[in-house]
Amino acid sequence: MKDIVFYNSLTREKEVFKPINANEVGMYSCGPTVYNYAHIGNFRAYIFSDLLRRVLEDYGYNVKLVMNLTDVDDKTIKNSKENHISLNDYTKKYKEAFFEDIKTLGIKKATVNPAATDHIKEMINIIELLKKNGHTYESDGSVYFKISTFPQYGELANLDKQELLDGASGRVLNDEYDKENASDFVLWKAYTEDDGDVYWDSPFGKGRPGWHIECSAMSCKYLGKHFDIHTGGVDNKFPHHENEIAQNEAAFNEKFVNYWLHCEHLIVDGEKMSKSKGNFYTLRDLLDKGLSPEAIRYSLINSHYRKQLNFTIEGIKQSQSAIDRVNDLIFRLKDINNTESNEINENLLKELEVSNEKFSDSIYNDLNISEALGILFTLVKTVNTSFDSINVNTRDAILKFIERVNNIINCFNMGDTDKKSNNEDEDKINKLIEERTIAKKEKNYQKADEIRNQLLSMGIEIMDTPQGVKWKRK
């Protein structure tokens, strides 16, 4: 069987994937900071993680995915105070919204979704280990990681070691900062009045954890000290992931993660997302524009994860057209009842076998999804050209291949009407179709057109075929 190859951000090379345990993959993905609704750039990272998981499952692995919820940090505390509401009540709303959104986008729920506030004890334990191993110091009641005690610091983000040494005397209390300000980072923040009632007692005094120690503690608890894959957006690479490596490897004296995978930034209409520019979108904003979740997902998935994605409304509409082409073929294939065998079917089956192999080659080569989709649509074109000659055996083989693709893409309608948001009663649909048929027989074409338009407004598309009227959900 062909190897899976991933680009490892740590080594900056493509590497054959070899899990620690033969049939299982331990995977950690940085989840949302629940201070607001997730925006479309966040969802690119979450859909990338979902794609990776589905490809690993396609290969035959059992995947244990851990995706955290950051429910205590600078932003969550600031926003909860501004809204005069407790941290727990404030973040609860956005936790629930996140789970609603990933369900809407067809993202599989993680095996575990640990919340930071439920794992303070584990964070304190790691900080105590780091202190014991000589990697920390205290200042003004806060505990910092001294990066000069960890020689490998900066390898993931490819920091200049000499510049790092020259500037390593500083320290930073903020959770987020850039490479130019690489400094000793905070593990435990001393309580200040700005924190309100958000604090925990610890051996270091009253306070709260830094952002970076949160993921270290939760990944360790659910995946162990050493696991296979860690993912996130490229903006997480530094300082967050760099600091995670330092914390875990300095605490436990062993390798933390074997493969680091990062997806690139998303821009909108060629520019960075900004509320002032009017190009800042949450999922809910896009749904309010009448765009389908499947088309949004397809738009976020159809470019290679290591390439910057230019997200546009026009692009979503093109994605919908691509989805409709496949859905239309699925719909028509299911009506085939021809049992005759012929040369066209034999050739199609051979081409299908080649397409399946090429699809594997693409997705197992660092998730080359754009190439994989190209293979699918080449086959769709071929099938449409030969459609009238296809028999049931070839039909079943084609549908099996499309179903395999969809288990990874999860954008097409394989016949599960519950997948669509339109849940109009089927009896009502069939009754309207019957009324339209009668109207046509009576040559009342105006009424027939009115019924067709009524069905369209319900999200139902009808087709007149030699076998009778067929309908599908748009």
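Even glycines carry a Cβ here, placed using N, Cα and C.
When Swiss-Prot is compared with the stretches 72-76, 202-206, 272-276, 392-396, the one noted as motif ''KMSKS' region' is 272-276.
Looking at the stretches 21-31, 32-42, 54-64, the one that Swiss-Prot records under the feature motif ''HIGH' region' is 32-42. Those same-chain residues not listed among C30, C215, H240, E244 yet with C-beta within 8 angstroms of the centroid of the Zn(2+) site C-beta atoms are W211, H212, E214, S216, S219, H230, G232, N236, H241, N243.
Long-range Cβ contacts of C215 (Zn(2+) binding site) within its own chain (separation 6+, distance under 8 Å): Y28, C30, N68, H240, E244. For the motif ''KMSKS' region' (272-276), residue counts in helix, strand and coil come to 2 helix, 0 strand, 3 coil, using DSSP. The DSSP breakdown of the motif ''HIGH' region' (32-42), given as helix, strand and coil counts, is 3 helix, 2 strand, 6 coil. Taken as a whole, the motif ''HIGH' region' (32-42) shows an average pLDDT of 96 in this prediction.
Within 10 Å of the C-beta of E244 (Zn(2+) binding site) there are 27 other C-beta atoms, taking all protein chains into account.
Of the listed binding-site residues, namely H240, K275, the sparsest CB environment within 10 A is found at K275.
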